[in-house]
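Undergrad: Before I ask anything, let me first share the structure, which is written out below as structure tokens.
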Amino acid sequence: MLSKAHAKINLSLDVIGKRKDGYHLLKMLMQTIDLYDLIEIKKIKKDIIIDCDREYIPKDRRNLAYKAASLFLDRYNIDSGVRINITKNIPVAAGLAGGSTDAATVLKIMRDIFEPDISNEELKEIALDIGADVPFCIEGGTALCEGIGEKITSIKNFKNQILVLVKPNFGLSTKDVYNNLKVEKIYIHPNTTKLIQSIEEDNLESVARNMRNVLENVTLRKYKTLNSIKSNFIELGALGSMMSGSGPSVFGLFDDMLKAQICYDNMKEKYKEVFITRTI
């Protein structure tokens, strides 16, 4: 069984506190985009086997797709295994939920193969044990995600919007970025309410003005390349530009495909991983 595993971007990312167990409390507006990996799963007699077209992708429990399959098989006492083939298109360690969306897609395919009556809500319970972005990736679309990612409220779909996405030639550790964030020193927070209102009113310029990611407080200071990419996007006609998730991917939001294509061509001269895509 073959399925697409779509990446996500953040239209906003706010950190509003930190729990005693170390988890940060988040308020994020998440959006699925039309950039995806391909996941194919076949039922086998035993074990979990991961195949991938990228040699650097781990094939063991470090891979979230493996973890998803293992949790699913254990939870439902399934006495067989799966072979998972992953074709990667989403950049790795990029703030685009590449591993999380693969895991979510594995859960959905395995439901179809083994336990078709399981609800999305039940899948999200398993998903939260894998990672904060995985529950959102079960549903996709446009949603406000709060807590540690478990509180998901769907809003009007912000679909068919034009994006150019740049992944610079380095990856970032989500854990390291959050560990270097000083919550008490976040002085400007996203106006998430205004951002949602702008989406509901189809006001693209207001959406662009209200996009904000507090993790840029960490990354923009350390990686000047990210400042340069954001500035280049605005110079090349983007309505707004922001880092997605914990980075380092940066996207520009456009209202015109010709401008987006010119921007893409320009960025492609400087960076290897550049994409034109849309929200879905």
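Just so it is clear, glycine is given a Cβ too, placed from its N, Cα and C backbone atoms.
Not my notes, these are from Swiss-Prot:
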{"type": "ACT_SITE", "residues": "Lys8", "note": "active site"}
{"type": "BINDING", "residues": "Pro91, Val92, Ala93, Ala94, Gly95, Leu96, Ala97, Gly98, Gly99, Ser100, Thr101", "note": "ATP binding site"}
{"type": "ACT_SITE", "residues": "Asp133", "note": "active site"}
Undergrad: I'd like the Cβ neighbour count for Gly99 (ATP binding site), meaning other Cβ atoms within 10 Å of its Cβ, all protein chains included.
TA: 29
Undergrad: Starting from the Cβ centroid of Pro91, Val92, Ala93, Ala94, Gly95, Leu96, Ala97, Gly98, Gly99, Ser100, Thr101, which together make up the recorded ATP site, report each further residue of the same chain whose Cβ lies within 8 Å of that point, ordered by sequence.
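TA: Here the nearby residues are Ala7, Ile90, Gly245.
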Undergrad: When you rank Ala93, Gly95, Ala97, Gly99, Thr101 by Cα distance to Lys8 (active site), which of the binding-site residues ends up on top as the closest?
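TA: That would be Ala97, the closest of Ala93, Gly95, Ala97, Gly99, Thr101 to Lys8 (active site).
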Undergrad: I want to verify one value. Collapsing DSSP to three states, which class is Gly95 (ATP binding site)?
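TA: It is coil.
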Undergrad: Just going by other Cβ atoms within 10 Å, which of the binding-site residues Pro91, Gly95 has the emptiest spot?
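TA: Result for the binding-site residues Pro91, Gly95: minimum number of other Cβ atoms within 10 Å at Pro91.
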Undergrad: I'd like to know which of these binding-site residues, Ala93, Ala97, is least surrounded, judged by other CB atoms within 10 A.
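TA: If we count Cβ atoms within 10 Å for the binding-site residues Ala93, Ala97, the smallest count is at Ala93.
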Undergrad: Below 8 Å Cβ to Cβ and six or more residues apart, same chain only. Which residues does that give for Thr101 (ATP binding site)?
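TA: Residues satisfying the criterion: Ala5, His6, Ala7, Lys8, Tyr36, Asp37, Ile90, Asp133, Cys137.
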Undergrad: Including all protein chains displayed, how many Cβ atoms other than that of Asp133 (active site) lie within 10 Å of its Cβ?
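TA: Taking all protein chains shown, Asp133 (active site) has 26 Cβ neighbours within 10 Å.
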